[in-house]
């Protein structure tokens, strides 16, 4: 089955043509980073307007690169949530229009479930596996027993990891997106220069909390002033190590508790070089199989939407014109929240 997938949950406008939920014929992502950089973060209204301006060209380019037309498409999959309401509605409206005009089946996809399934675009993974999704809005641990069969084991109680990276970067006066800049600066720093706290590391749960770490950073800046040069690199490296330490330890503790020896890490923060490195070291030490998608599949993209989309379309599921944006759409065991 050839699926046209569309993703507009936040500030990336993306479209992809994927065959059988595995083979990427094309994947186009248009970033809005420059549009939001001046504000230091994503502005929902601007994101929606940019999606409206960009999505026709993005879909057209995806079709061109795949060397197909809409006549070849057999189904449409679109991000239904979670995400920004206005942004989601742009993608949904376009997907509905195409599906209606072409009489194609249409299915809504959970953005987070798509992150969990992105690894299948590069390799097959046996179920069950333990998955960590780390992004600007999520730091969640899941047991994955199949598409539509996800159980939440732990989640962020306040700031997600990606949000913490961006907020700390803003405190330090770094450009947006802050997570990338912290990773870059940290490569030249000493990760043991500052002993930042590890929130909830020993609380016995698999939940995360990064607001306290953010407060510790703010206190350090107020006490010492804004770091510069080598001190800034050390500061970034120490903060990054604290975040990665908690993510790594809780992930593998959860895997051990669940009796699972396969771990998948996904989401935009999975692009972070230190996290990828520390996850690899921890997996090797524990004899656990670690799988992290290529960076292009960790950030928001439409190709990953096609993986669960293809599955649900084959199961005969159709959302039709009734599909609406689901700003909050938690995964759970019952159909990955599709009925929740």
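Sequential numbering from 1, following the chain as shown.
Each Cβ is built from the backbone N, Cα and C atoms, and glycine gets one as well.
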Which residue of 272, 301, 328 does Swiss-Prot report at the same substrate site as 133, 134, 135, 136, 137, 166, 179, 183?
272
Co-listed Fe cation-binding residue [Swiss-Prot; alongside 111, 115] among 234, 261, 300, 310:
300
Surrounding CB atoms that lie within 10 Å of the CB of residue 133 (substrate binding site), all protein chains:
26
Name them in sequence order: residues not among 111, 115, 300 whose Cβ is within 8 Å of the mean position of the Cβ atoms defining the Fe cation site.
7, 9, 79, 112, 114, 135, 267, 301, 304, 305
Round to the nearest Å and give the CA-to-CA distance linking residue 272 (substrate binding site) with residue 300 (Fe cation binding site).
14
Can you tell which of the binding-site residues (111, 115) has the fewest other C-beta atoms within 10 angstroms of its C-beta?
111
Position of peak Cβ density within 10 Å, selected from the binding-site residues 135, 272:
272
In three-state DSSP terms, the structure that residue 115 (Fe cation binding site) belongs to:
helix
If you count the C-beta atoms lying within 10 Å of each candidate's C-beta, which of the binding-site residues 137, 179 ends up with the smallest number?
137
